[in-house]
Number of protein chains: 2
Amino acid sequence: MSGQRVSCGVEYAHVHEISLALQESGRSGYDFVSVPLVHPRFVREHIEGKAKDRPGAFTRSDLLLTSSDWNSLVVGRLSQTSCVLCESEEWTVRSNHEAALQQELTYAAHLGLPAIMVSLTSARCVNLARLLHNRVAAGVSYQVWVKVSLQAPCDLSRQLRSDMPEFDSDFMTDTWTWWNRFHSIANIEKKIGVALEITADLPEKDVMERWLGEPIRCAILPTSIFLTNKKGYPVLSKLHQSLVKCLFKLHVQFIISGPMRHSHVKLYQQYLDHILSPEGDALVDFARGYEDFLQCPLQPLMDNLESQTYEVFEKDPVKYAEYEKAMVEALKEKIPDELKDEKEIVVMIVGAGRGPLVRKALAAAQIAQRKIKIYAVEKNPNAVVTLQSQQDENWGNLVTVVSCDMREWDAPEKADLLVSELLGSFGDNELSPECLDGAQKFLKDDGICIPSSYTSYLSPVQSSKLYNEIRQSRERDKHILAHFETPYVVYLQNKKELAPSQPLFTFSHPNRDSVIDNRRYKSLQFKIVIDSVIHGLAGYFETTLYKNIKLSIKPDTHSKGMFSWFPILFPLKEPIPVRCGDICEIHFWRCSSKKNVWYEWCVTSPVITPIHNPNGRAYTIGL
Amino acid sequence: MSGQRVSCGVEYAHVHEISLALQESGRSGYDFVSVPLVHPRFVREHIEGKAKDRPGAFTRSDLLLTSSDWNSLVVGRLSQTSCVLCESEEWTVRSNHEAALQQELTYAAHLGLPAIMVSLTSARCVNLARLLHNRVAAGVSYQVWVKVSLQAPCDLSRQLRSDMPEFDSDFMTDTWTWWNRFHSIANIEKKIGVALEITADLPEKDVMERWLGEPIRCAILPTSIFLTNKKGYPVLSKLHQSLVKCLFKLHVQFIISGPMRHSHVKLYQQYLDHILSPEGDALVDFARGYEDFLQCPLQPLMDNLESQTYEVFEKDPVKYAEYEKAMVEALKEKIPDELKDEKEIVVMIVGAGRGPLVRKALAAAQIAQRKIKIYAVEKNPNAVVTLQSQQDENWGNLVTVVSCDMREWDAPEKADLLVSELLGSFGDNELSPECLDGAQKFLKDDGICIPSSYTSYLSPVQSSKLYNEIRQSRERDKHILAHFETPYVVYLQNKKELAPSQPLFTFSHPNRDSVIDNRRYKSLQFKIVIDSVIHGLAGYFETTLYKNIKLSIKPDTHSKGMFSWFPILFPLKEPIPVRCGDICEIHFWRCSSKKNVWYEWCVTSPVITPIHNPNGRAYTIGL
């Protein structure tokens, strides 16, 4: 149901003939319909078993549509009254409406619907959450879409406040807390997601963004939020457009609801289809299909990369251009213009792979008009084959190919420039520090390292989607702890960053400390500005290649179009609920043994977690 | 090291000859000594590897004692300075002291000490906690005793407040939060426990009680807290005595510390030995060895009890006496004195077991001077053998033994009195309601049920000990969820009840409702009065046998000396930290199918947990 093209349904308050409704909606360009499971006139009394005695069926027959239509085109809505009254404190009222819901849920399963929808209208939803959770836990085919409005109606929140004096008023009017309460109780399943109803007034930025960390399956657009343009067509305000585009990136489906306010219902679908056409951005294009997909970080030092991996990353349109600029600057710095023909600059590319930096170094020498001599050092014998063939065919004696681990190479001379591309999503996590510490013995005292420094960044993020992905991989594999003590490389989309990222560990090269120690320990404090839930820590890096030439994957300084790195995610074993004003304190260690490097982490405020990955028990990076 | 007699050690600030110290302490009645692992004069420099160059050993040789003495008689204390300075923000300082601690930890393992001790002097203990956690996680033989004082010294807290302005002052001066912080980070192991240093001034009751929910291994009694009685002997104040007795019940060991203030060091040990002699209480005697031991609740309806189980419970000195009183009252109520010789009262004992209630009914009839006729109904054929032999030998035709499930029995006449003992630790959890609903068909319209009603009670409790017991059983068995979704019957000792228990579900008999439904749902709200951690929900019951004759296992109304029931504990999958002033909201359901009854539960404030035991997936009670 997701993909490039927008998937759009239409909601019917009630239908007389469901097959006609389907025909009409299909002709208008819609992909599916949302209808009540049971007509409100079928009043049911389950008290004292009387329901059995009432004559006639309680809803329409399954024969009205083919199974394949039920299975793919119809979202069934549970009775609103029963959803509310199954929270009643009166035993008979509650029991009656529980039974009504159970009957509807059973019927939805009988029809084989792809999804059912249930509405939350207050934070009083514990019993409803339990009923649905238990149904899903027992095994059902349908998804559960939990309809929540972006904003609580004013009169409703006033009423709720008098109903539930035990809760503070923010709690009552913040609809996200309703959903969070429901989802926290019923959170074991991917099957339960949000159907977010967009309101005419949009809440403030943080409130909107927080929804982007939730598993939104569907966005409901009431016709009342559409404006009318000069030609009489429905359009959305700029803010609404931008929200709808964000949601579309999360593969959300849309539903048009409410009375038609324009000449034809098809106009709403056509408008959405119009504004939701793909954008042109190298990173977005590259990353399509990788959204929120968990990958294990590469271990290029311990493992040899495959040809395809090299091929993908060599295509980055930004990274190598910046390396070239940095090398031009460094070559000019090394030898002043007046001496440029007299001296030769020794450039060593360590971890040369299949040669992209060799090519950029040759290009940089041309631009800078400097004479250079290149050593291309590579430990992967498969990549060395590619290097040697280029040397034979193109580079000639400008380039010397060395098949060796840079930490062990006995270089015949010392370098003016040491160029490497050993950075991972977290900067140092592919062991660039250890490699370059080994390689710098053949750098001249006044030699230059490119990159000259890099810094990892960390921020707390909310993403129940990613948390559940990790948990479910855990349940499959039965490695109880390992999945929550392992970082993941992931193109983070369905998430909310709860505070701006902060710098964590910095490494500079060459490292002239008397004792080189790449272990680190730092604690960071983040101020939380909105009630939310921390599911993990997002990691990024910035690097200075040379002087002011930088690369970054940190959201606010991201090098536009660069796709070589997705962020890294350090999970937490348990979600941490936080309130506005809380301080989130994170402790992070970079540890090492003779064989490995690893990270350990924990949270100490507002609650305390155990150490994650102690002794590197779940995840290490091999030296 | 634990048991009936108090185990008591003595702390040496430093020792010249450890073998002499051991001899002396042994002669004075002590079981072990606490000594520094390393003498402070052995200054170590680990910076830049210089430690290797310093001549000589860094501490005393292992040859000074035999291995068996090291293994059983010596608790080693880590260097205080290093414990504090491994939190330094200066890399070289921190690194040096981390290395010093690692050296001491390695040496403690080399000696094979039974325990090491580490002191907390502030909440700044994250790196120390991590070091010790990781050591223990990697596998060590010793226990780690974390020394924490009951009260922070005033000057210390003033200093800390200026050191760590990010924390509020309560946090700084409440030493429990130091320990909780340490333990939350390093909580994976039973190996880490508290060494609680008792202060001259004792904190308020809630603060004291909260420690009783922690895994206290050792209590340190400075000589300065002892008073001197008229004869010149050391004694403790009444409050201190009572605290020491509470700790002794938790199998805590004691250490006397500080300069000797009385004529001989042996006097302290003798005094403790004197005040810690066992008490005489039927419940305490019965429960010895069962403290905090997790048991699965009985399922007497589905399983047949064993003879030994009957035997144990028949010995209860209180329960059957109260049943007798209730029956006397009910017999008198049934027939007025003036008609006592004319009418016969039909008493049915349903679930008669091996006959204790039959015997009490016969005794009650004698006391009340009423004529009775007894039916003893029992479904367990093994117990019926016992009943029949007593009928043959003692009871004659006063008693008719019926081998049948009470729910299926076709009684030849109706009963005046229906007497049962079907209650579990949570009242209805052995399905008394369902059994009696089935049996009441042969109760006369004006018949009396004994018990006439019962109510379950619930309260949130803190007990990291029990939480860890459950978790470790989980890790052994790999049933990831089941152990946290199952209630346990347990003699709760190492716990703190965080709020008074509240009534949950009530059942009354006979049940004259038009539709009988034993499902229940209720939410309870508890006000938290001290920063603490909720690990589970303690369950109790009260029952009214007849009129004002009651039995109770609720702490504040517990029937003194009655040992038939220990409390029940409903675990939570994750500990919930709570702050003073928080509302703890608990939802509890009693659910049923045709075959089973089960409970489901969740917490919704201050944080939200998932539903525990949905659909009875981990635990049901068979009908």
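One-based numbering along the chain as shown.
Each residue, glycine too, has its Cβ placed from N, Cα and C.
As recorded in TrEMBL, the features of this protein are as follows:
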DOMAIN    B:29-276  domain 'PRMT5 TIM barrel'
DOMAIN    B:285-450  domain 'PRMT5 arginine-N-methyltransferase'
BINDING   B:TYR310, B:LYS319, B:TYR320, B:GLU378, B:ASP405, B:MET406  S-adenosyl-L-methionine binding site
SITE      B:PHE313  site 'Critical for specifying symmetric addition of methyl groups'
ACT_SITE  B:GLU421  active site, proton donor/acceptor
ACT_SITE  B:GLU430  active site, proton donor/acceptor
DOMAIN    B:453-621  domain 'PRMT5 oligomerisation'
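Shown here: features listed in TrEMBL, placed on the structure.
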residue: B:TYR310; record: S-adenosyl-L-methionine binding site; CB count, 10 Å: 17
residue: B:PHE313; record: site 'Critical for specifying symmetric addition of methyl groups'; CB count, 10 Å: 19
residue: B:LYS319; record: S-adenosyl-L-methionine binding site; CB count, 10 Å: 24
residue: B:TYR320; record: S-adenosyl-L-methionine binding site; CB count, 10 Å: 20
residue: B:GLU378; record: S-adenosyl-L-methionine binding site; CB count, 10 Å: 27
residue: B:ASP405; record: S-adenosyl-L-methionine binding site; CB count, 10 Å: 16
residue: B:MET406; record: S-adenosyl-L-methionine binding site; CB count, 10 Å: 25
residue: B:GLU421; record: active site, proton donor/acceptor; CB count, 10 Å: 24
residue: B:GLU430; record: active site, proton donor/acceptor; CB count, 10 Å: 23
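Secondary structure at B:PHE313 (site 'Critical for specifying symmetric addition of methyl groups'), taken from DSSP and collapsed to helix, strand or coil, is helix. Largest CA to CA distance in the S-adenosyl-L-methionine binding set (B:TYR310, B:LYS319, B:TYR320, B:GLU378, B:ASP405, B:MET406): 24 Å, whole number. Here the CA atom of B:LYS319 (S-adenosyl-L-methionine binding site) lies 10 Å from the CA atom of B:GLU421 (active site, proton donor/acceptor). Reported as a whole number, the C-alpha separation between B:ASP405 (S-adenosyl-L-methionine binding site) and B:GLU430 (active site, proton donor/acceptor) equals 15 Å.
Following the DSSP three-state reduction, the secondary structure of B:ASP405 (S-adenosyl-L-methionine binding site) is coil. Cα-Cα distance from B:TYR310 (S-adenosyl-L-methionine binding site) to B:GLU430 (active site, proton donor/acceptor): 15 Å (rounded to the nearest whole number). Here the Cα atom of B:LYS319 (S-adenosyl-L-methionine binding site) is found 17 Å from that of B:GLU430 (active site, proton donor/acceptor). Following the DSSP three-state reduction, the secondary structure of B:GLU421 (active site, proton donor/acceptor) is coil. Each residue contributes its Cα atom, and for B:TYR320 (S-adenosyl-L-methionine binding site) and B:PHE313 (site 'Critical for specifying symmetric addition of methyl groups') those atoms are 10 Å apart.
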